[in-house]
Amino acid sequence: MATKFPKFSQGLAEDPTTRRIWYGIATAHDFESHDGMTEESLYQKIFASHFGQLAIIFLWTSGNLFHVAWQGNFEQWGQDPLHVRPIAHAIWDPHFGQPAVEAFTRGGAAGPVNISYSGVYQWWYTIGMRSSNDLYTGALFLLVGAAILLFAGWLHLQPKFQPSLSWFKNAESRLNHHLAGLFGVSSLAWTGHLVHVAIPESRGQHVGWDNFLTTLPHPAGLAPFFNGNWSVYAQNPDSASHLFGTSTGAGTAILTFLGGFHPQTQSLWLTDMAHHHLAIAVVFILAGHMYRTNFGIGHSMREILEAHRAPSGRLGLGHKGLFDTVNNSLHFQLGLALASLGVITSLVAQHMYSLPPYAFMAQDFTTMSALYTHHQYIAGFIMTGAFAHGAIFFIRDYDPIQNEGNVLARMLEHKEALISHLSWVTLFLGFHTLGLYVHNDVMLAFGTPEKQILIEPVFAQWIQASHGKALYGFDVLLSSADSPATSASQSIWLPGWLDAINSSSNSLFLTIGPGDFLVHHAIALGLHTTTLILVKGALDARGSKLMPDKKDFGYSFPCDGPGRGGTCDISAWDAFYLAVFWMLNTIGWTTFYWHWKHLALWQGNAAQFNESSTYLMGWLRDYLWLNSSQLINGYNPFGMNSLSVWAWMFLFGHLVWATGFMFLISWRGYWQELIETLAWAHERTPLANLVRWKDKPVALSIVQARLVGLAHFSVGYVFTYAAFVIASTSGKFG
């Protein structure tokens with residue numbers, strides 16, 4: 001007899017209802033809960049799956065390179081990056097009429113194409129790619145890499161090649177190899193690529209597989225390196241009149257500290273970036289030799305943590321017991337990794353626009369908007385995931401005896417203070433921010449705009465001034481000619497930095513006023529509310545006054561009922577579910593702010609943002625409504641244009657989003673009644689009743705219905721705003 005899905009759970013496979021299918025899907029990746037799973041097997045399966053993950057990433061990137069090389073216009077774009085629109089790939093659609101064919105035939109293409117808003121053209125150009133052949137070579141290399149990784153994944157599932165549990169638990173060796181190898185050597189390799197390939201290409205000298213071993217990246221060769229005269233590599237940098245990709249105005253330096261941006265490309269100097277990666281490589285390769293392994297020298301993580309005890313005694317036993325707690329809990333490790341990755345992803349969003357690393361990207365406004373929005377949303381989802389796995393750790397892996405008296409136990413012991421403080425902060429921020437906005441709305445509605453409460457962000461302006469922004473007239477640190485900070489850096493990076501920070505042609509330290517002050521606090525409200533829900537969910541995951549035995553019910557449970565009132569909606573999963581709504585809310589406000597501020601600056605109309613952002617109607621009318629008008633009228637009986645696909649996606653996104661509410665508002669009983677009625681009708685309908693099923697139809701649990709609702713809400717939300725950002729920006733700037 002064929003075994004039924006799911007093979008990993010005998011109990012579910014024997015369930016006579018459709019629960020078998022839905023719970024099977026829901027627990028497919030919860031490896032810990034699978035039949036016969038041992039700790040060693042769990043680690044081995046996860047380890048092997050990493051190779052598959054990397055293979056998928058390589059395959060995807062290979063596909064990007066291949067399609068641009070085959071159907072794109074990379075070489076034409078390289079001739080004139082500011083005026084040629086980069087093509088992502090061709091479109092073949094049997095539904096296209098002649099108007100659509102004409103509308104989507106752009107960028108010098110022969111037929112309909114999609115425009116690239118991902119920044120890959122700028123990235124590939126910056127790192128030294130110039131021809132479609134370069135792209136094909138990269139695609140082929142990644143394809144081979146993906147095949148090798150798939151083989152490695154298969155290999156590590158074979159008994160002879162499965163690492164042992166002790167290998168996975170060897171934290172010091174892993175740290176050394178990841179720090180020195182993963183971060184250090186890869187940064188060194190990237191420095192090598194920048195110095196040997198990207199910098200010469202930026203100066204009009206081609207370097208390829210045919211000549212990279214014979215082309216010196218610097219006229220002096222390696223002599224200055226060996227005789228300690230390293231400053232030679234920083235002499236004669238590219239001049240301010242350098243034309244990127246040509247020898248006009250080019251220098252010979254390879255490792256510099258110029259500061260600021262290349263005047264033509266408005267991106268960071270390639271030689272500065274090479275220097276940065278070299279420094280990172282040195283630091284991480286050193287760090288990768290710090291931990292004690294076979295040779296009995298270096299740090300022991302366990303000893304460091306055991307020794308971490310506050311002299312005052314106010315932190316109890318400090319970090320005692322944390323080494324084993326972290327090292328034996330995959331959820332703890334995943335939580336830490338996701339929290340770090342979430343922060344880094346948000347920093348990427350921030351730095352990608354304020355310090356653009358890729359040539360000509362800063363002048364491609366739609367790409368800048370898309371990349372900021374994309375990375376902030378990704379960061380939001382990753383950060384909520386960090387707290388989800390933190391909560392699962394507390395339920396499944398936390399050992400109260402092993403952690404008695406240490407900082408982790410003390411976190412749990414004073415959780416009421418943490419949660420109530422977060423609650424106080426959110427109430428304060430919410431009432432005051434909304435109060436200011438609403439007051440200003442009322443003043444405008446009553447015809448007295450001069451009675452608005454407008455607060456200058458003086459502290460933030462002071463911080464900007466201390467970094468060298470002269471506009472506000474604060475005479476402090478880098479904005480003061482007499483400051484030691486100014487004189488110390490005068491001969492190296494400071495002139496380039498000061499030029500950049502005081503220039504109106506980039507997004508470095510934008511001028512801020514009362515509108516920024518208000519939206520900053522609105523975003524702070526969103527961040528603190530999201531944090532409150534997530535922190536409360538994790539700290540109450542093991543139990544609360546209302547439900548002291550909560551941990552016995554697992555991570556996600558609908559209720560302990562009937563008969564035990566108030567236990568619905570308090571699982572740690574429910575906290576995650578609620579937090580995602582607030583996270584989306586917050587990222588929405590953040591991206592609205594970024595996008596509107598930049599639209600105003602790019603259009604040379606900063607006053608629009610400054611005047612309209614101080615009251616809510618301004619946001620609704622002058623940002624959302626004004627910029628969605630093209631989308632709302634994107635296609636009609638009289639015709640369509642190249643924005644019509646975004647107009648349709650805008651509509652479709654709203655529909656997906658609205659579908660979410662159907663699952664969020666109606667609960668299990670409604671669906672059970674509906675399903676039973678539909679099953680009755682199906683069995684009595686000719687032809688339809690030829691299709692039978694053995695499983696008794698059972699509605700999803702409340703938790704699963706909430707998941708379906710949340711998924712639709714999130715996907716619809718993201719689709720709607722993606723279409724809005726791309727269409728409203730590309731509609732104005734091309």
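Yeah, the Cβs are placed from backbone N, Cα and C, and that goes for glycine too.
Annotated in Swiss-Prot:
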- 46-69: transmembrane segment (TRANSMEM)
- 135-158: transmembrane segment (TRANSMEM)
- 175-199: transmembrane segment (TRANSMEM)
- 273-291: transmembrane segment (TRANSMEM)
- 330-353: transmembrane segment (TRANSMEM)
- 369-395: transmembrane segment (TRANSMEM)
- 417-439: transmembrane segment (TRANSMEM)
- 517-535: transmembrane segment (TRANSMEM)
- C559, C568: [4Fe-4S] cluster binding site (BINDING)
- 575-596: transmembrane segment (TRANSMEM)
- 643-665: transmembrane segment (TRANSMEM)
- H654: chlorophyll a B1 binding site (BINDING)
- M662, Y670: chlorophyll a B3 binding site (BINDING)
- W671: phylloquinone binding site (BINDING)
- 707-727: transmembrane segment (TRANSMEM)
Looking at the binding-site residues C559, C568, H654, M662, which has the shortest Cα distance to W671 (phylloquinone binding site)? M662
Within 10 A of the CB of the residue listed as 'chlorophyll a B1 binding site', the number of other CB atoms across every chain shown is 15
Could you check whether the transmembrane segment (575-596) packs against the transmembrane segment (369-395) - three or more CB pairs closer than 8 Å, residues at least 6 apart in sequence? yes
Could you tell me what the rest of the chain brings near the transmembrane segment (175-199), counting residues at least six beyond its ends with Cβ under 8 Å? 126-128, 207, 212, 215, 217-218, 254-255, 270-271, 273-274, 277-278, 280-285, 287-291, 293, 301
Taking contact to mean 3 or more CB pairs closer than 8 A (sequence separation of 6 or more), are the transmembrane segment (707-727) and the transmembrane segment (135-158) in contact? no
Out of C559, C568, H654, the binding-site residues in the record, which is closest to M662 (chlorophyll a B3 binding site) when you go by Cα distance? H654
Let's check the environment of C559 ([4Fe-4S] cluster binding site): how many other CB atoms sit within 10 Å of its CB? 17
Six or more residues out from either end of the transmembrane segment (135-158), which same-chain residues have a Cβ under 8 Å from its Cβ atoms? 44-45, 47-52, 54-56, 58-59, 61-63, 65-66, 68-69, 74, 124, 129, 209
Cβ pairs under 8 Å only, please: of the recorded stretches 46-69, 273-291, 330-353, which one is richest in them relative to the transmembrane segment (369-395)? 330-353
Can you tell me how far the Cα of C559 ([4Fe-4S] cluster binding site) sits from the Cα of Y670 (chlorophyll a B3 binding site), in Å? 18
For C568 ([4Fe-4S] cluster binding site), which of the three DSSP-derived states applies: helix, strand, or coil? coil
Using Cα coordinates, what distance in whole Å links C568 ([4Fe-4S] cluster binding site) and Y670 (chlorophyll a B3 binding site)? 18
Counting other CB atoms within 10 Å of each candidate's CB, the least crowded of the binding-site residues Y670, W671 is Y670
Taking DSSP as the reference, which of helix, strand or coil describes M662 (chlorophyll a B3 binding site)? helix
